[in-house]
Amino acid sequence: MAFKTLGAKAAAALDKELMSSGAFSLDQLMELAGLSVSQVVYRVHPITKGPKILVAVGPGNNGGDGLVAARHLRHYGYQPTIYYPKRPKNELYQRLTKQLEDLNIPFVDDFPDALKSADHVLDAIFGFSFSGEVREPFPAVINAMAETKIPVTSVDAPSSWNIEDGPPSEGVGSNFHPDVLISLTAPKPLVKHFKGLHFIGGRFVAPSIAKKYDFDVPEYEGLDQIVEVEAAGQKL
Ligand SMILES: NC(=O)C1=CN([C@@H]2O[C@H](COP(=O)(O)OP(=O)(O)OC[C@H]3O[C@@H](n4cnc5c(N)ncnc54)[C@H](OP(=O)(O)O)[C@@H]3O)[C@@H](O)[C@H]2O)[C@@H](O)CC1
Ligand SMILES: [K+]
């Protein structure tokens, strides 16, 4: 079964609809999105492969998913470290940050240096609202993720990739190919350029809303918040 994709505009409209007629709060959606991200890390990188997860957090809701995932991963026994250089004054992000501080999770300023001792990287910098060329301070972070031998899991999109067209043809991000991707609610068109392990998460969409936006809700099993699909969107 091929999974339909959701473009940047449709993904933003769906997000809005979930929080209006869908009656969800952003906190709820982000909690479930972040929970599914934590399950992907648990699946692809069991703690026996090394507990140190470096989480790169961006300024929007993609970053919020990363903060939630870090909290869950800490409770599973991992040792997350957070790189969060641009922190908006939004109350939700401040609360998520406080929750991590209360768990003694370290926040670091030097991403390349933190990468030296990491076992796995979580890319929660940009999601479906990314556009244009990567602005400071993120180019060095994208380059470091592109060059590292440590496995990288991207949340919703490989950060720096155009949501419709995939990796830029040159410059920052052109050589960034993460090992794992978790698409939230539905894959974005960029997945046609993605060759790694691919999951779908975000187990909160009512069938009526999926129908309206013309995408498929995968068949989640048991307690799972994630379903593995082939890179091109075929269910395994
Ligand atoms: N419905 C769902 O499935 C759910 C989706 N969720 C998640 O939300 C994500 C979408 O979140 P989002 O809309 O907040 O935007 P996101 O992608 O984090 O980035 C925006 C930030 O990036 C910045 N920025 C942009 N371009 C840039 C550039 N070139 N260079 C540098 N910066 C740039 C931009 O800054 P600005 O341009 O405003 O200064 C802004 O601050 C989605 O992918 C999923 O992960 C869940 O949380 C809930 C359920
Ligand atoms: K991302």
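The backbone N, Cα and C atoms fix where each Cβ goes, glycine too.
Per TrEMBL, (6S)-NADPHX binding site is recorded for Asn61, Asn62, Gly63, Gly64, Asp65, Gly127, Phe128, Ser129, Phe130, Ser131, Gly132, Glu133, Asp156. What TrEMBL records for Asn62, Asp123, Ser159 is K(+) binding site. Positions annotated as domain 'YjeF N-terminal' by TrEMBL: 11-217.
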For Gly132 ((6S)-NADPHX binding site), nearby residues of its own chain (Cβ under 8 Å, 6 or more apart in sequence): none
Those residues of the chain, 6+ apart, with a Cβ under 8 Å from that of Asp123 (K(+) binding site): Ala56, Met145, Val152, Thr153, Ser154, Val155, Pro158, Ser159, Pro178
Binding-site residues close to ligand 2 - of Asn61, Asn62, Asp65, Asp123, Phe128, only those whose C-beta is under 6 Å away: Asn62, Asp123
Candidates near ligand 1 among the binding-site residues Asn61, Gly132, Asp156, Ser159, judged by a Cβ under 6 angstroms: Asn61, Gly132, Asp156
Among Asn61, Asn62, Gly63, Gly64, Asp65, Gly127, Phe128, Ser129, Phe130, Ser131, Gly132, Glu133, Asp156, the record's (6S)-NADPHX binders - longest CA distance, Å: 22
Neighbour tally for Phe130 ((6S)-NADPHX binding site), based on other Cβ positions within 10 Å of its Cβ: 22
Asn61 ((6S)-NADPHX binding site) - helix vs strand vs coil (DSSP): helix
Residues near Asn61 ((6S)-NADPHX binding site) in space but at least six apart in sequence (CB under 8 A): Leu26, Met30, Gly127, Ser129
Env. residues of K(+) site, Cβ within 8 Å of mean position of Asn62, Asp123, Ser159 Cβ: Ala56, Gly58, Gly63, Gly66, Ala124, Ile125, Phe126, Gly127, Phe130, Ser154, Val155, Asp156, Ala157, Pro158
Residue pair Asp156 ((6S)-NADPHX binding site), Asn62 (K(+) binding site) - Cα distance, angstrom, rounded: 8
Among Asp65, Phe128, Asp156, the one of these binding-site residues whose Cβ has the fewest neighbouring Cβ atoms within 10 Å: Phe128
